[in-house]
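Enquirer: So that we are looking at the same thing, I have put the structure below in structure tokens.
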């Protein structure tokens, strides 16, 4: 199936781009950012956002080469195939998951002709279930043992069941229904769980247990922790727990859960935020109307990613500029810096989504990849990050590309003017200053004050962070990650490295529990040595 698709190294444009990378656009030359209307020309508008990329080390020749890469690798054609239900999660000729990839179907709800009908109808059915469930909560039909309303929902899950929903909830916390909140339990660390439980009014709390298989080790363990706490405090856990799981899994049990919502094999955990994995939590805290706005934003960004012209397609252009930085300029990491405190958990979500997707060394035909794949993803909010690690970004020996995210208006609309400008104006001034300073640098005979410049960055900019805009932002990055995986000709939808760690953890647990008496492998030797004298 994938033999007809090229990786970037197999394209005709690869050699030309490699030549251009020997002398990339010099952002430090006088007037570099203003030459040829660069600031005006190097921007793309789409779905509430503008992408400004004049501060990247690209020029028209590079952009033409990247367009050729997109065309030769059939990036948009592969994206369309994914959206319409092609089996994209596979490795040709080798044992693999062999699944469709349909996270986009969970929000393809707003046109008469969805890209893929069967998964779309399931998504609509789950949303209808959620709407009825939320209505019953609001009407007082679902209450606790004392007849009181639930005020808190706790998401119990790990990986994609935690990071994406947590990032979006924190981003949209300003829109929460008065009197409702969310909390999260993810780590199997007992201290984390017990501290989370200590901060709750258990009687007014619903626990949302998320596991597609119904057997995820950390989640099953934490669910037992939660149920014990409920029992010890005199509560019926079946009246306080709901599940999001695969249909027919051990967690699809009406006797043990207040309600169950379904998650399907064609939706990977890191891409599941617009499924019930995120929507149940967001529906409880924000309300169903805001959930639909969030999904609409994601759906519209999905549709805009269907454009073949890279200068009209924000996620595709971001993906290709990222490939330019990674494969041609040999930049090994990428910092995500949102100038919005509401997005403080978003870099962690993107870290998982990107690195678990594209941290691969085998292509889709089971061969070793020919070049570099996904960069290391990290980040923090601005302007805090300026006072944490920007020293390294400015003057370190390893240049770090940055994707900035910003908004012209604050989310809550409360501000103060000090020294002639508002806090939001100060925030934006700092954002814009970083982009210009990183690009242009500063000459100084004192080398300790010398800034080399040519540190590439771009900016995703919108008016205000709303549920619609958050959905659009999430889908933008999902599409970007998928496009890059297609360009590298890797499977962005499995995580075999994670599976190996899980298998070995189970072997250690059997050794700790004495289930393999007489077995003396590396597990036994490792445990004996590490724990000796502790």
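Quick reminder: no glycine exception, Cβ is built from N, Cα and C everywhere.
Keep in mind that what you see is a predicted model, and the values were worked out from it rather than measured.
Taken from Swiss-Prot, the feature active site, proton donor applies to 356, supported by sequence analysis. Feature annotation from Swiss-Prot assigns active site to 387, 502.
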Enquirer: Sorry to bug you, but what's the C-alpha spacing from residue 387 (active site) to residue 502 (active site), rounded to the closest Å?
Expert: 37
Enquirer: Sequence gap of 6 or more, Cβ distance under 8 Å: name the residues on the same chain that satisfy this around the residue listed as 'active site, proton donor', in order along the sequence.
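Expert: Non-local contacts for the residue listed as 'active site, proton donor': 159, 270, 495, 498.
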Enquirer: So what sits near residue 387 (active site) in its own chain, CB-to-CB under 8 Å and at least six residues off in sequence?
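Expert: When sequence neighbours closer than 6 are ignored, residue 387 (active site) has nothing within Cβ distance under 8 Å.
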Enquirer: What is the total of other Cβ atoms whose distance to the Cβ of residue 502 (active site) is within 10 Å?
Expert: 12
